[in-house]
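So that you can see what the record holds, here are the features copied from TrEMBL:
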BINDING   GLY29, LYS30, GLY31, GLY32, VAL33, GLY34, LYS35, SER36  ATP binding site
Amino acid sequence: MKTDEQIEQDKRLAERMKLVKHKIVVMSGKGGVGKSTLSVNIARALAEKGYKVGLMDTDIHGPNVAKMLGMEDELLYQNDDGIEAPVAGENLKVVSLAMAGNDVDSPIVWRGPLKMGFIKQLLADVNWGELDFLVVDSPPGTGDEPLSVCQLIPEIDGSVIVTTPQDVAVLDSRKSINFSKQLNVPVLGVVENMSGFVCPDCGATHYLFGNGGGEKAAAELEVPFLGRVPIDPKMMEAQDKGMDVFKTHPESEAVKVLGSMVDAIVEKIDIA
Ligand SMILES: Nc1ncnc2c1ncn2[C@@H]1O[C@H](COP(=O)(O)OP(=O)(O)OP(=O)(O)O)[C@@H](O)[C@H]1O
Ligand SMILES: [Mg+2]
């Protein structure tokens, strides 16, 4: 039986989410493959195109989104209309546990129901306002956080599944594809990140983690393939400093590919 408070929260969640036109969840089977990188840059690129965007970091144990956006010092605050989300530029609202004022070096021990409660609170109580897109970054795997997101957010447009090219990552990405399908979240596509490294000295492409695994998994499981993002140390460095790679490295192949992926995602989602 739900308490009155829970019923009220469900109502608030439904009302807030009604104002959000499109919802995208970024997931991966394996850790460290580039979900947060993709989430941050998808959100940035959409905001740059003039869409109103919200970016929600559901990674409780390693909330990196704030740092990647140079927003580690921002704090969430409460006002009459719920939790106010800090903004990264004109069209981008960002919420992460890293903004809740906790000591960044202290791990948080949270069990499943608490994680779901936290995600529910972000959806129900953050003043997202009217948004064109809500982009949700997930921790790795098919655990409580992506499960809560897929169960709590109504009418998700789709998932972006990130993998790196080597077999172990691709194997895990197949789980994420099936997880998404089982939860009736359409797979917008698979991204093969860290796919090749262009040597700045000799110009040759070296495939440090192999090549083509993401595309093969997408073909086998009959979901779209969104493309390959090469390894670019400059992009990583810029990101570590919280800088906008679209502005600092527009010439980078990785940044160009990210831009065209966002175009492909927008095209796949029927923008009303
Ligand atoms: N294409 C790339 N070129 C260079 N560096 C990259 C690339 N993609 C991601 N990185 C770097 O790799 C590291 C891991 O990326 P990121 O944090 O986005 O992965 P993640 O999947 O979100 O990890 P986690 O599973 O821990 O949440 C970061 O330092 C990021 O800057
Ligand atoms: Mg991450």
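In case you wondered, yes, glycine gets a Cβ from its N, Cα and C as well.
Close to ligand 2, meaning a Cβ under 6 Å from one of its atoms, are these of the binding-site residues LYS30, GLY31, GLY32, LYS35, SER36: LYS35, SER36. Counting other CB atoms no more than 10 Å from each candidate's CB, the binding-site residues GLY29, GLY31 peak at GLY29. Among the binding-site residues GLY29, LYS30, GLY31, VAL33, the residues whose Cβ lies under 6 Å from any atom of ligand 1 are, in sequence order, GLY31, VAL33. Its own atom aside, the Cβ of GLY32 (ATP binding site) has 13 Cβ atoms within 10 angstroms in the protein chains shown. If you draw a 10 Å sphere around the CB of GLY34 (ATP binding site), it holds 20 other CB atoms from the protein chains shown. In the three-state DSSP reading, LYS35 (ATP binding site) counts as helix. Of all Cβ atoms in the shown protein chains, 20 besides its own fall within 10 Å of the Cβ of LYS30 (ATP binding site). For SER36 (ATP binding site), the same-chain residues 6+ apart in sequence whose C-beta sits under 8 angstroms from its C-beta are ASP57, ASP59, ASN64, VAL65, MET68, ASP137.
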